[in-house]
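Here's a structure for you.
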Amino acid sequence: MSNGSIPVDEVIEHLRNWNFTWNIILTILLVVLQYGHYKYSVFLYGVKMAILWILWPLVLALSLFDAWASFQVNWVFFAFSILMACITLMLWIMYFVNSIRLWRRTHSWWSFNPETDALLTTSVMGRQVCIPVLGAPTGVTLTLLSGTLLVEGYKVATGVQVSQLPNFVTVAKATTTIVYGRVGRSVNASSGTGWAFYVRSKHGDYSAVSNPSAVLTDSEKVPHLV
């Protein structure tokens, strides 16, 4: 073998270690992406959110570094690096703008969840409940099981009475708030079990948070401007 060449055994060993390292990283990433849901594991969900939040500044930093390294060396790479940096920065700014607009409507830190741009909100036993949803659904179902209230499958409260089911729920987006009015329910008061169904009734520039200080009827609590 000529001088300066790398032994084949050493190359194979490096490839084996590199492959093993990436195998661990990708396996962890697969578990986090598949089970990183708030209903399954709060810890994995937190890790998943941290990864998503880190990606924006990391990609922006890599794009700027590539632009610096390619300057006066490869103008094509330099142009693409600047383009990717601009796209990443624009997406990052749009995320914060929409998240802040959504927070103004809901006053919930779920507004900064990068997975969704819609939050379902309602008031249960005097407590505001806010849940991230993938989008504004056609209808919303609240389920009551022996006094335990489930909103879109999320357990949000216990000891709830049938009479305490809300008359409306809202789904807030960055640009609008959709009000869902209750159109039907089927409940068993003795066992505290049943369901209530809500459909869209109106939308507009409303706050999704009920105003506890105002003297308003249940049907008027939501429609006050942000």
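Glycine residues also receive a Cβ, built from the backbone N, Cα and C atoms like all the rest.
In case it helps, Swiss-Prot gives these features for our protein:
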TOPO_DOM  1-11  topological domain 'Virion surface'
TRANSMEM  12-32  transmembrane segment
TOPO_DOM  33-41  topological domain 'Intravirion'
TRANSMEM  42-62  transmembrane segment
TOPO_DOM  63-75  topological domain 'Virion surface'
TRANSMEM  76-96  transmembrane segment
TOPO_DOM  97-226  topological domain 'Intravirion'
REGION    200-216  region 'Interaction with N protein'
Which sequence-distant residues neighbour the topological domain 'Virion surface' (63-75)? Criterion: at least 6 residues beyond either end, Cβ under 8 Å.
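The answer is 81-82, 84-85, 88.
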With Cβ-Cβ distances below 8 Å as the criterion, list the same-chain residues six or more beyond the ends of the topological domain 'Intravirion' (33-41) that contact it, or say none.
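Distant Cβ neighbours of the topological domain 'Intravirion' (33-41) are 47-49, 132, 153-154.
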According to DSSP, how is the topological domain 'Intravirion' (97-226) divided among helix, strand and coil residues?
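Here the numbers are 20 helix, 61 strand, 49 coil.
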